[in-house]
Amino acid sequence: MIIGIGSDLIDITRVGKVIERHGERFLDRIFTAAERAKAERRAKNEKMVVATYAKRFAAKEACSKALGTGIRRGVWWRDMGVVNLPGGRPTMQLTGGALARLQALTPDGFEARIDVSITDDWPLAQAFVIISAVPLAKS
């Protein structure tokens, strides 16, 4: 059963301007170490670095909407991180207030699954997040 849906669309150049203006302070405040490492692996192409950050920013916004809180009520930027599953499919790794909110939304006898779709087509980045409750496997 679906327990939350969120989407976000962002101008990649806007993210680039914020990074230029605030640099490390912005990056440290918003992105996890894993997200920063992924973006910086693309360092040979500045547009790809900024697009990588923009897609992750959009995914965090979409996830916060799917959680029903936005970036408030104890859910903060670094509580949500885009990670890739072994097959490469993106998902969200939640901690802190975001994880607490997810646990509160997930009914007993179910586990949460977070599906993420991220894309970019310069100058836009977009993300969709669907949070589902999946019945626990019977032992």
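Glycine is no exception: its Cβ is also placed from the backbone N, Cα and C atoms.
Positions annotated as Mg(2+) binding site by Swiss-Prot, on the basis of sequence analysis: Asp8, Glu61.
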Surrounding CB atoms that lie within 10 Å of the CB of Asp8 (Mg(2+) binding site), all protein chains: 20
Close in space, distant in sequence - Glu61 (Mg(2+) binding site), Cβ under 8 Å, 6 or more apart: Gly6, Asp8, Ile10, Ile71, Ala127
